[in-house]
Each structure stands twice: as structure tokens, then as C-alpha cells.
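Report on the structure given below.
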Amino acid sequence: MAAGVDFGDLELFEAFDPPEESTPKPVHTRFKDDEEEEDDDDDENGVGDAELQEQLRRCEATIEQLRAENQELKRKLNILTRPSGILVSNTKIDGPLLQILFMNNAISKQYHQEIEEFVSNLVKRFEEQQKNDVEKTSFSLLPQPSSVMLEEDHKVEESCAVKNNKEAFSVVGSVLYFTNFCLDKLGQPLLNENPQLTEGWEIPKYQQVFSHIVPLEGQEMQVKAKRPKPHCFNCGSEEHQMKECPMPRNAARISEKRKEYMDACGEASGQSFQQRYHAEEVEERFGRFKPGVISEELQDALGVTDKSLPPFIYRMRQLGYPPGWLKEAELENSGLALYDGNDDADGETETGEIQNKNVTYDLSKLVNYPGFNISTPRGIPDEWRMFGSIPMQACQQKDVFASYLNSNIQSPSMRSSGKRSSSQSSPNSPKKQRKEGSAAASPADMELDSDVEIPPGSQSSKAFQFQPPLPPGTPPPLPQGTPPPLFTPPLPKGTPPLTPSDSPQARPAASAMDEDALTLEELEEQQRQIWAALQQAEGGNGDSDVPGDTPLTGNSVASSPCPNEFDLPVPEGKALEKPVLAEPQEPAASVDTAGPEPSCSPAAGAAVLSQREEEAAAEGGPGDALLDNGGVLNMNMSNGSNQQPIHPDSRPPMAPKTHSPVPDMSKFATGITPFEFENMAESTGMYLRIRNLLKNSPRNQQKNKKTCE
């Protein structure tokens, strides 16, 4: 029967909701059914009407009580309601400063006037600071989420300007101050959203009753030693370190205090201070984790079962083999080259070239991933479409990947042979010319005679070439990449100076001549010219050896007693481009008139030539043999008849020479750069003055002994 009675009053909510429209009161129409009509007919004494009247009286009493409460709420709400019609231009300054609720307390009653004066003094102080320093008075304090906005009186129509300035009437703090404590209901706003910059946010320190964990009944409480604070080992102060200690150093005290500190740190941590970690311990701790094997815990965490592939397998098909596990299977070489005196071709590197590290892989450490690099077990579906992936790739199979790693990794010998093949493929490259020149000009190679001729293009002739140690009279080889020096032997007596037409630069056609152009007579004449130049270089070291009309060039000091002037290697490529002899090509009769008549038969000429080659090998040093082999045999590019060139291997074998393994004393001065004097006027001509004294030097004496032998 209570369904037909309304409870509550809309007037209670008028203070919170704006009165937009007059809400009509609901009208309840109650229809009686047949049973109720029968009951009403039975209530002849009016019992039903009495109960209804009693309910109406109770409802009216409740309504009166709610009206009284509504009036009380309206009166209290007026205290926290902003006044209407106030325009605020600056929300940070023009709004209300604070709202004070004076309670019924003797202190607030007594100091009521002082509180108001204090507020007014704060306003004056702020205005003065704003005039002096604007930045000091600028704060970015946004209302906190717990702030409350003061509502305006709803009986007055709101203006747009007042609606836009509701931020000025936000309550950002509500504190009840008691004599012993205060109760903050809203908190405080943060300065620049930073609690450290906001005053009043210090964390209170409470008294700690228990410093250790309370043990269970029947167990002893284990007190853990505290870790000592770092302090000065010299004086014991905690305010500075030992290096900043003003007291004099006491080594014994410092050592003792340091030992105590280390022991205390070890006891506090429950283990040794200097603990060592071993790989075996790590393997035991993480031994249950194996790559490619999914445990039951991991399956539960991923939400997969034994009958499905994990989701990361489908992602691995797109990304490839994990690089971390590939690094585990990597066997990296240090890249250091060890030299034992043998010039191995494997360790041969060019100047400025960095030796690459040889990286190999242990194929047994490749991880098996079912569904990625090995086939999926039977009964497990491949759901790559559902995960947006790709099917299994044949290139990602374990055996294919292993063969790929083996094929892409070159051994050092393969890499060096590839380097040699690349140099052989380009005959005009400077690297090849340097290598061939050094191989042709080596004195040790000049003394070797082989019965079996190996084709120069074969791989065995390059990879398996015997390289004996250098003889004592041979200087160390120049570093690779150094341009070969051009030497000009001394000119014989009576030789006119060079003319521009006779210079080697003016005769480019001579370098392009055919090898079969010289006759035997011309070869013998050129050989005599070389021997005359060598004899003058060996025997005549005085100033009278060089005629006065001979111009001094940069290489005219070749007649000095330095024994290394003919020992340096001359590349073959340079020998083919320019003639070895720098003197002008004169007729044979004008150069050497005292020489024997050349033989007309080729056989006799060849015999004479081979005999003189043997004499040159016996008399001259390794440098003479170098000029003999590198200059005379390569003289077949001048003009002449179609005489066939004489091959170096066709001459009779020479007896091997025995040399001391210790280099000559004069070889230790090779490569020393002379000191250039600043005052060139005083140093000019000094060498010519002391040249006669240098003839008796130990170097020349040793050289003369070798010549006599």
C-alpha cells in the first residue's frame, strides 16, 4: 500500500541544481484489482481507510522534517557560496585570498583583529615584492584534484565573464587548526608539479619501535650486522675522505682501519667481501634453462599448450636466427700475426691494410627451434596466418644455415690466394709490379737455378715458392708501396754530357721495342759499356774520375764508397719502361775502342757472353749480379736484328756461395736519413774535401777485401 505515497521533496535539491523549468509533480493513479475490490467490500467497518490515513500522517511528518533539513543546508551552503556579480580580471590576484571561519575559541576571539591585520599585511608585502622582483612572485600552482569550487547564488543569473573565472573561487585548502595539531582536508597544491619545491610536504619521521623482523615463537632473532659507514681511515672522521684528511698520514693506522672496514663489510653482507664468481656456479644456477626448450611454467605464462607453437616462433620466421645465440656459437680468432722469420704468404698484408679477424662458428651450438629451423612435430598445427607471419622458409633450416655459415667464411689461405689471384688478373696494377720487381731483383733468387721451369701463371709457382734467407751483403727490402729509386751509374771518361734528345725521357719508343730487335754484337757492346761503368764505380773513387764537363745531377754521388748503391731491387716493370743505363747510346766504336772484335757467329757470341757473366758473378757482389741479370738480359728492347734473347736459365749453373748469417757491418747504416744543415753555405763542398779521407774508412777497406777475394 506504500507504493502510492511519494517520499522526498524537490526543494531539497534546489540549492544544487539550477531551476531550469518548473517540474510537474508526479500523479499516481492507483487501479484496484478484483481482489482489492472484494477486500474493500469486506471492510465494512472502515479499517482500510484508517490505515491509509495513518500512512498519510507519517508521510507528512517526514516531509516537514526534510524541509527543515533543507533549510539548514541552504543556510550552511551560503557560507561556501561565492557572491554573485563580481567580475574577476586576473584569477591569480583579483580572486578571494582566503576565507576564514572563526570558531568559538578564546584564542580566535582574542586575536581576531590581529589575524585580519596579518592578512592585509601579506597583501601589501606581495605588492611590494611584485614591484621589485616579478619573477619571485610568479608561481604556477594549479588546483589539486581534491579542490572544491564555490558555487554562485543560483537566484541571480550568471554572466559569461563570471563563468569563465570560476578558477578564482576554487578552494585549494581547508585546514582545521587545533592547539596541538591541525587537520588538513584537501591538501596543498604542488609548485610546478614538483613536491620537492612545495613547502609543507616534508615526510614526517615517526619513532621506530622494531628495528628487526620479529621472529616466530621458538625461533631466535638473527641480528644482521650493520654495514659500516665510509669514513677516513687516517683520523676516523665521517665528514671527509682519506685523501682530504688534514692530519698527517699514519700508514699503520690506515692499514688497520682499512682491514677492519673490509672485514665489517664482509660480515654485513654475509659473505666474503671479495667474492669470486665461477662459470660452473652460473651453469648450475641456470642449467634448467635451455634455448629452444619451453618449460611448463613458460607455457603457462604464454598461455600455450604442448599442441601449439609459441607465438615468438612465428616472429622468428620474419626476423631470422637470434643474433645472441649466433654470437654464442662464434669462434673468433684474435687476429694477431706471429712472425718466425719465414715470409709466409698467408700473413702477407699490404701497407696500411688491417688484417681481418677470422671468424668461424661451432655448428654444434646452433639451437633447434621446432617450427623455425627444424620441422614441426607431428600433431602441432602451423597457425602462421592467424599470427600474420610467414610459413617456414627453406633457407632457415638448420642444415642449410650451417652450410651457409661454412661457405661464407674464408680461411686465411683462401683469402690470401684470392688476393694473389686478383693481383694476377690485372697485369697493369702497381701492386703486381712491385711484387714482381721485388721477386726479380732479389739477389737470392738470382743465384738459384732450377732445372724444371714452372709456368709463371700457375698457382703452385706462387703459393709454393722457396724463399731462402738473404745473404749478408743484401740490404733489407724496402717496405711495400715505396717507389723504386732510379740509379745512374758513373759515366766513363770521355763521355759527352746528356742532351735533351738523348735523354731517356726523349726516347719513349725504346721501351716499346721488340725483344728480338738487338743483335749479338749490340748486346756485347752494351755489356762492355756496363762493365766499364762498374769498373769505374769500383776502382775510381777520386775527384779525377768524373770529368769537369760532366754535369752533377741528383744521382751523381753514386761513385761514393757506399756499398748499397747497386744492392737495391729494381722492379721488372720499371726495367721494361726505361733502360737501365742512363748514358747516351753511342756507337760501339766510339765508346770502347780497346774491346775485342765482336764475333760474327751467334754461337761464339753466346759463349763470350756466358763467360763474361761467370766472371761478373765471381768478381762482383750480389749487386753486380743484379745489374748483370737485370740490366744485360733486359737489354733486348733496343733496335737491331731478329736475334733471339738469351733466357736467364740457359746459362751454366753457378756454384752456391757460402755467407755468414750475420749481416755486414755496413748494412746497419742503411736507411739513415742525413741531417740537413740550416747553413748550407758552410756545408757545401765539405764532402768533396774529406772524400779522400773516406777512402781509408773501414767500409771501403771491407769492400776492397771482398773485391780482392
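The backbone N, Cα and C atoms fix where each Cβ goes, and this holds for glycine too.
Looking at 230-247, 284-301, 608-625, the range tied to zinc finger in Swiss-Prot is 230-247. Between the listed ranges 122-170, 661-709, Swiss-Prot ties the annotation region 'MTREX binding' to 661-709. Swiss-Prot assigns the feature coiled coil to residues 48-83, out of the candidate ranges 48-83, 192-227. Checking Swiss-Prot for region 'RBM7 binding' across the ranges 312-327, 392-407 points to 312-327. Within 10 Å of the C-beta atom of Ser697 (phosphoserine) sit 12 other C-beta atoms, taking all shown protein chains into account.
Mean pLDDT of the predicted structure over the coiled coil (48-83): 88. Here the region 'RBM7 binding' (289-302) is broken down by DSSP into helix, strand and coil counts: 7 helix, 0 strand, 7 coil.
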